[in-house]
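Novice: Straight out of Swiss-Prot:
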ACT_SITE  355  active site, proton donor
ACT_SITE  386  active site
ACT_SITE  514  active site
């Protein structure tokens, strides 16, 4: 990958000039000027996903200039580096090949001169065998009973992805009850275990190193809970599996290394649901559906690798995001799925985006002079409409939004889905076009009120509009389409990181807090007054000790 400061490129400077020319143009004007705007500013993937980006504050000229930025920052070269197994995670000297985990074409994927597909396929085969034995009741607990409940213990990428996917694909789930424990707060594991039977519970301990503080604290508490009933440590092997690479620690914990599912250092945590970390997904929806999830992601990988940038959906979304973040000064993006099963999707890509591109040092080791990753947030519709949409519609912040919805519902009750989708369509229309003072006055006139009578309230009913949105309409949320959608966002994040000249696949920002926590933990063991920190931290620790 080339290390190019985007703000010093001629394309960036051209975009600055272009922004000054069009920043005040309203979406109403853009649609009036071009009745076929939707056809020109939308794209379809595999007849499964429609992405409508026409309600963005862009013109054909904007896209040309953004494409020039992608070319000048060598996004094509960055993609080649990603797909070829080059060690583009330079600060950790690692390749980035989560795409190999879902490489259904089985074409060679090289790391250090070795094709990794044999290893990938071996782990997938092991996952298939294990998941099918558990699902079909062949895997027995220590009293001879089958498994009824699966508890995934992990944090970050070892939790967010599997939890999001198992929730999104609940219509495909089998009889197994899935539970996810992540927080080191003892309440999380305690509340989860209350309703479980140790005779029929399987724990998946998801930690690459098997030393992650939060995960191993919860794992040991689960182990203690289990042994209170089982007694014999030999029974641990029937109720615990490890998603890890540290065989020594796994064995010491009591887990049979035959039940250890491996992944590799070229799999980043927030891109790991495609790996052994996805075992909970396979257990929840069955291995065939897990393979469909992989196939959908692989299809999107093929789209990204082989589609010209002018029609390349993740590239287009990445460029539009940079346009708002760096030229309009938008600081956040909202992800708003109109599907209750997708209620963790925004949280998943909050990590996916903010941990990937929340960097202020560029690939040359210098502070950047432009914006990098945005703040990502969101909740399912229509709940959000009754919570924070007020600010999106009439606030002083520009918040680009992704609206996501399936055309076909898994639960076609009465007219629920039509009402849901009517809101989906209405919100993007309202955000784009708003309501003028003239329209407000006309509405009041229709109801028989004069302008004088409503003067005090009319200004508050005006919607400026010109709020940008992408509408992402899926035919139906299936394992395949969800896999493609996730991969679409992954590649959007990668393309933005490539253009912004930052390392997308490390996460050094999480380290300092962990180091300080390890220093503070021993200080909490006694009641002695602490004076080793700043006055604020000392004061907080000492009040905690006094109150506990």
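Please read every residue number as a count from 1 along the shown chain.
Just so you know, glycine gets a Cβ as well, placed from its N, Cα and C.
Given the structure is predicted, the values throughout are model-derived calculations rather than measurements.
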Novice: Looking only at 386, 514, the active-site residues on record, which one has the least crowded Cβ, with the fewest other Cβ atoms within 10 Å?
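Specialist: Ranked by other Cβ atoms within 10 Å, the active-site residues 386, 514 bottom out at 386.
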Novice: Using the alpha carbons only, what distance in Å do you get between residue 386 (active site) and residue 355 (active site, proton donor) once rounded?
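Specialist: Cα of residue 386 (active site) to Cα of residue 355 (active site, proton donor) measures 29 Å after rounding.
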Novice: Near the Cβ of the residue listed as 'active site, proton donor', how many other Cβ atoms are there if near means within 10 Å?
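Specialist: That number is 22.
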